[in-house]
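What follows is a set of notes on a single structure, which appears directly below.
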Amino acid sequence: MRPPEFKLNNPPEDLISAVKFGPKSNQYMAASSWDGTLRFYDVPANQLRQKFVQDAPLLDCAFMDIVHVVSGSLDNQLRLFDVNTQAESIIGAHEEPIRCVEHAEYVNGILTGSWDNTVKLWDMREKRCVGTFEQNNGKVYSMSVIDEKIVVATSDRKVLIWDLRKMDSYIMKRESSLKYQTRCIRLFPNKEGYVMSSIEGRVAVEYLDHDPEVQRRKFAFKCHRNREQNIEQIYPVNALSFHNVYQTFATGGSDGIVNIWDGFNKKRLCQFHEYDTSISTLNFSSDGSALAIGCSYLDQLPETPATVPHPAIYIRYPTDQETKQK
Amino acid sequence: MGRKKKKASKPWCWYCNREFDDEKILVQHQKAKHFKCHICHKKLYTGPGLSIHCMQVHKETVDKVPNSLPNRSNIEVEIFGMDGIPAEDLRDHERQKNGGKSDSDDDEPVAKKKVEYAMSVPPPMMMPPNMMPPHMLGQYGMGMMQHMPPLPPYPVPMMPHMMPPRPLFPAAMATTSAAAAAAAAHHHHAAAMAQQKPTFPAYSNATISAPPTTNHAGGASSAPPSGPPDAQQHQQRPPAPPAASGTSAAAVTTKIMHPQEDLSLEELRARQPKIQARLAAALASLANPQSRKSPSNNGGPSTSIPTTPPPPSLAGISPTGSNSSSGMANSIVVSAAMSKAQEVSSYHSYRNHSQYK
């Protein structure tokens, strides 16, 4: 009987920017960090299998296939790491730091979103950029890709929806329904909509279909807040991840809390215990059997606390009760 | 305005002082608000019941009744509806209800009273119960205040009778930024809220226990921001709690745990000198050894990194353990040599490397 949760050995030394499980696997996981490392873990063995060291902080990573991981970094570079041969190479660059990288299975390419207000598509065999897409003058803060659908959340609270079959222009541009800066956006596994979170402890569930019948189902809710005496502290919701099987999703906030929600029935399914510090990233494995939780302080307070907890990655094997719609 | 007539007492909840028309509803309220397991959401019947459930089922101790007033949070007390309330508390409640004398031993912290006072809400005594529509409260109050020196605030107990209808989820209306802004604009609403707020101090513990609701979603998604978002944000992001004069109308100050500047945490962090220094070093090393960029140089120890992890001795990914369907996994070279030793050495190389961090 495996424990419901454990802490991964050899975590990154600085802010964990992303944790990602390998495709179709809950065994291998990659983590990128501001310490410049890309780490590759064997989760059940609780072992660090491989570590690539860069000079610049990494802002995101994504699996291309089980042995190839790409990263986007603060020095604007897109890198490819081969876990098997330990090779690393630079594929290309943006004008500004690359905030998000995603593998677009549909075209077998890599998508990168950057603070230079563009998303680029990369052909990884020829190692070149095959398309640059303007994001309406907004820095890319978060991005999600499933099959042909792309949603991009930008710094000016816009959401741009793209279709990989027709990339000459976005197919939809929306104002964020949240009043504050967008922190994270994720498509539903069924691609019918997306959830997004803001720095003001709020999460919106939105649908792509314009039909008023469908649009009526959209909603937003407050979370990741606590009240001490008369002060309500509202925390950014930094991370979202969908459970691909049950279509429920997890949110992680700067309050160190992870919640799992059923967005269709507007219910919270569970809340885990409080972690030492902010949840900076979350990722369900593709079968939903494991949830990786990256905890690291995000410098969100005006003054750095005296002791900043060491970054940590927790792996949790949630029960059906915690993740399944009731 | 004469004194309020004595009314037949309504059932009330010992945990949060809220009154109900019907004891059946009270029991439902207690099950939902005070006796619900925070882990599996099972509704229990009493405080001790909840405590035992959490202990046995989840191995967790619950030391307080959820959403209860600070002095009524004892989990050991067995209360079901109106049964089990200590006689003393029953008497107190009765007295407060009829009361009105400023014996005010109610549970309100002083701060909350002050807020009421500041908002010039007329003392509840002056108001005919159940007669004033909420939007009138403020106006009427203002008028009164002109020929009436400010009185010390009266205790809250009478307020439930003059409450405007309350939304289903009080947490939803507690100072959403929009609501607060609107409230500030319409003073009478603010007054109404100020009155309303302290009546339910219990909800101050509610925090995130409120389930997602559509109630405020409408507000959040359909109502367009009533001003430039920036202006609103700055108004709504007090650097320190006391500065938030605008939001204090609702007796609760909100504080967003995010820097005031409208940039992502990552951008702000990237500006820190230590990160800038590292970035400069990274860019310099990118600029110099051009060879790094060539794909043919894959995997070669890069000149820019003083110490690279040891060469491909590794890759101990065993295909047997892989539940991946990707063919790539099988092509992985299995090396039993992948070991702690390598991890350790690469760790040390990292330490060396990161000295200019």
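Any Cβ shown, glycine's included, is placed from N, Cα and C.
Quick look at what TrEMBL lists:
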- A:91-132: repeat 'WD' (REPEAT)
- A:237-262: repeat 'WD' (REPEAT)
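For the repeat 'WD' (A:237-262), the predicted model reports an average pLDDT of 94. The residues of the repeat 'WD' (A:91-132), classed with DSSP into helix (H, G, I), strand (E, B) and coil, number 0 helix, 27 strand, 15 coil.
The repeat 'WD' (A:237-262): residue composition by secondary structure is 0 helix, 16 strand, 10 coil, according to DSSP.
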